[in-house]
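Student: Sharing a structure here in structure tokens format.
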Amino acid sequence: MVLSVLNGLLAGLAIAVLVFIPSAAWNDGSQLTMQLERGMPARAPVEVLRARDRFRHRRILQGAAPSSYGVVDFPVEGSWNPFTVGLYFTRVKLGNPAKEFYVQIDTGSDILWVTCNPCNGCPTSSGLNIKLESFEPDKSSTSSSISCSDQRCTSAIQTGEATCSSSDSSSSPCSYSFQYGDGSGTSGYYVSDTLYFDTVTENEQTLNSSATIIFGCSNSQSGDLTKSDRAIDGIFGFGQHELSVISQLSSAGVAPKVFSHCLKGSDSGGGILVLGEIVEPGIVYTPLVQSKPHYNLNLESIAVNGQTLSVDSSVFTTSNTQGTIVDSGTTLAYLAEKAYDPFVNAIIASASSNLVSSFVAKGNQCFVTANRIDDVFPPVSLNFMGNASMILKPDDYLIQQGSAGNGIIWCIGWQKNDGQGITILGDIVLKDKIVVYDLANQRIGWTSYDCSQSVNVSTSSGKNEYLNSNQLDTSASNKYPKLRLPSAVAIVVHILVATALLL
């Protein structure tokens with residue numbers, strides 16, 4: 001997606017662009033345009049983020065635990081910040097001998113897929129400075145292919161996640177093809193192999209565990225997925241269909257049918273991702289909308305600075321063309337078209353006018369202020385069914401875009417979903433919160449939280465207090481195992497800046 005933020009001199013101010021390169025700035029009569037692709041670590045205009053998310057949204061628009069459970073722990077790397085990393089990802093180990101893969105954490109899709117060898121168009125290096133791997137089924141002693149006659153393939157065909165043509169024999173591989181709105185895509189076939197993961201038990205032990213799962217083996221990628229500057233090994237879908245990993249592990253009795261994440265909003269990023277229920281005080285729950293392919297919630301109203309927006313409640317009603325979706329694979333947030341202008345107008349009206357100057361740049365509402373944004377801008381409340389409110393701070397809806405003199409430029413990071421009644425809550429909203437996806441009870445819960453702190457995670461027989469990153473603190477004096485999160489994500493990014501384009 002391509003968005004430009006500001007052009008020329010705004011209100012007589014020379015606007016400096018903060019792209020981690022001091023000399024980068026707008027010149028009179030020129031426009032600074034930057035490309036932000038999936039995982040591309042460059043400072044990009046809001047339009048770039050909006051377009052990238054729009055591509056995946058086209059795909060979205062298409063269409064009780066046994067006592068033996070422990071808590072499955074996955075490491076988290078990356079950041080929501082589109083100017084450093086732009087996505088959260090984890091690592092999974094597959095096959096025998098095991099190989100480790102970097103995969104994006106995506107609650108907006110169902111399938112875990114990784115790049116396989118051979119692969120047409122798949123990148124071999126990454127601008128995120130991570131080593132890319134490819135899965136080779138014939139070199140794993142535990143790998144087996146999934147055929148078109150397999151009942152699991154038949155089920156996946158019904159949900160649109162697998163394909164088998166009428167000419168295929170029963171032994172033909174169960175295939176898939178995922179297309180994105182920008183013309184990029186991936187295709188391949190399903191295999192069965194071993195997934196290795198860490199299980200944290202209530203008696204302060206971290207166990208090396210494994211289970212046989214089905215996942216996608218990508219042998220072709222096209223469009224933007226072929227670019228190295230934003231490359232990862234695949235996508236880890238956390239949806240609730242039969243072939244999602246969370247569903248497979250639950251059906252196998254390996255993990256409860258609930259997962260939780262707490263994504264750090266700082267530039268260093270990281271966070272917590274577990275198959276288990278985080279049970280901290282203050283978590284509020286709202287029911288999931290039934291019979292929907294994504295994590296749809298019943299949003300009833302939006303309040304800015306305590307005042308409910310004058311938007312008809314029918315705007316948020318869930319249907320085939322309306323509703324509210326929680327999606328960790330989306331960078332920004334998108335409001336249904338009819339709710340967007342009232343939201344922006346309420347932010348402008350509630351901002352402390354003596355502390356901020358406002359302007360519109362390329363259709364985006366922006367502000368300049370030298371003060372802390374918490375002292376200038378109002379809180380926002382998303383009010384869901386069951387009296388469950390999500391309270392948002394200004395940095396949950398604003399993006400820092402540059403500087404002007406002694407002031408900082410902030411633009412509203414929520415975008416209008418033009419022509420659509422869909423509201424999508426991406427990482428800008430989900431960060432710095434515990435989010436619990438309780439699929440067994442068909443509900444989602446949340447609370448604001450410092451994701452660098454420890455959390456309590458429930459099992460049916462007790463709680464485990466831990467952080468992520470697989471580091472067990474055996475000296476802990478309490479009864480629960482505690483894991484410590486590194487102070488910074490151990491990844492190096494390359495700063496990329498596109499050239500200025502003359503208007």
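Cβ atoms are placed via backbone N, Cα and C, with glycine included.
What TrEMBL says about a protein is an automatic prediction, not a curated fact.
Heads up, here are the entries from TrEMBL:
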DOMAIN    88-447  domain 'Peptidase A1'
ACT_SITE  Asp106  active site
ACT_SITE  Asp327  active site
Student: Let's check the environment of Asp327 (active site): how many other CB atoms sit within 10 Å of its CB?
Tutor: 24
Student: Let's check the environment of Asp106 (active site): how many other CB atoms sit within 10 Å of its CB?
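Tutor: Other Cβ atoms within 10 Å of Asp106 (active site): 23.
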Student: Expressed to the nearest Å, what is the distance separating Asp327 (active site) and Asp106 (active site) at their Cα atoms?
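Tutor: Asp327 (active site) to Asp106 (active site), Cα-Cα distance: 7 Å.
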